[in-house]
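Take a look at the structure set out below.
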């Protein structure tokens with residue numbers, strides 16, 4: 001390509017988010033669906049945080065982690081959903097260079113932080129089920145705070161590296177991103193730079209940061225399953241599996257969709273957008289529902305909260 005056919009990102013003012021290619025009727029339907037899902041995300045995660053903070057019985061390591069999980073889900077879905085909703089009705093469907101950088105940075109920060117936080121929850125469940133008598137000692141307030149702070153730190157380091165590498169690439173004449181948010185794969189696709197070193201570094205960073213979380217989750221659940229199978233009481237086994245199956249379901253949806261999106265060859269652009277919905281909107285919507293509907297303590301806390309409200313009225 002000639003120099004004129006290239007642009008440095010410092011000269012870029014706007015990207016175009018193509019979004020979903022749909023007829024007007026389907027666009028309205030999808031927009032309403034996006035709005036509904038985002039409303040459930042806001043209501044569910046804000047409600048979950050409020051209940052955890054106000055009910056003293058939920059002052060445990062597990063709910064401390066779940067409160068932070070709701071915070072992360074709320075914010076990283078808010079990085080994506082509002083702009084996607086605006087672009088449904090915008091003819092130009094643009095996002096500024098600064099907006100794209102900010103969206104990319106925050107999404108990378110929160111998605112990696114969530115992975116570490118899910119590993120921390122798996123470790124907490126391992127301690128609670130396999131070493132219940134030592135749970136209060138091993139999962140101290142200090143350790144829980146350090147695990148959460150470490151999750152954010154690792155997410156921040158990963159995000160800074162990914163963002164700085166991605167937005168120093170040269171972009172071609174076309175600045176159209178065939179997605180509904182600034183996705184790393186699509187930003188690579190419109191780049192004219194040699195991506196070999198970039199991809200090696202990016203893959204190394206992702207492996208170093210994400211692989212430990214997967215190992216912790218898998219090993220924790222292996223020990224949990226082995227311990228639960230030794231429980232003689234059917235009710236005890238059922239309760240333990242119920243608690244862990246919720247977490248395992250959340251992990252499976254998040255990691256499954258992310259792996260499908262980023263570790264498989266490029267497929268249909270529309271299919272990639274559908275898969276992206278799983279970890280950008282569906283997971284943040286399901287997390288508070290799964291952890292509340294399948295959790296006796298949370299249901300009782302909600303019941304008490306509503307009773308207090310009715311009494312005040």
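Glycine is treated like the rest: Cβ placed from N, Cα and C.
For 28-52 (among others), the entry in TrEMBL reads transmembrane segment.
The domain 'G-protein coupled receptors family 1 profile' annotation in TrEMBL covers 44-291.
Using a Cβ-Cβ cut-off under 8 Å and counting only residues 6 or more beyond its ends in the same chain, the transmembrane segment (64-85) has close neighbours at 17, 19, 31, 34-35, 37-38, 41-42, 44-46, 48-49, 52-53, 95, 99, 103, 106-107, 109-111, 113-114, 117-118, 120-121, 124, 144, 147-148, 151, 180-181, 280-281, 283-285, 287-288, 291. Per TrEMBL, the feature transmembrane segment maps to 64-85 (among others).
What TrEMBL lists as transmembrane segment is 97-123 (among others).
The transmembrane segment annotation in TrEMBL covers 196-229 (among others). With a cut-off of 8 Å between Cβ atoms, the residues of this chain six or more beyond the transmembrane segment (196-229) that come close are 112, 115-116, 118-119, 122-123, 125-126, 129-130, 154, 157-158, 161-162, 165-166, 169, 184, 188, 237, 240-241, 244, 248, 251, 255.
What TrEMBL lists as transmembrane segment is 241-262 (among others).
Sequence annotations record features per position, and here TrEMBL assigns transmembrane segment to 274-293 (among others). Long-range contacts of the transmembrane segment (274-293) within the same chain, counting only residues at least 6 positions beyond its ends with a Cβ under 8 Å from a Cβ of the stretch, are 34, 37-38, 40-41, 44-45, 47-48, 66, 69-70, 73-74, 76-77, 80-81, 107, 111, 179-181, 183, 246, 249-250, 253-254, 256-258, 260-261, 299, 302.
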Counting only residues 6 or more past its boundaries, what in the same chain has a CB within less than 8 Å of a CB in the transmembrane segment (28-52)? 20, 22, 58, 63-64, 66-67, 70-71, 73-74, 77, 81-82, 84-85, 88-89, 281-282, 284-285, 287-289, 291-292, 298, 301-302, 305
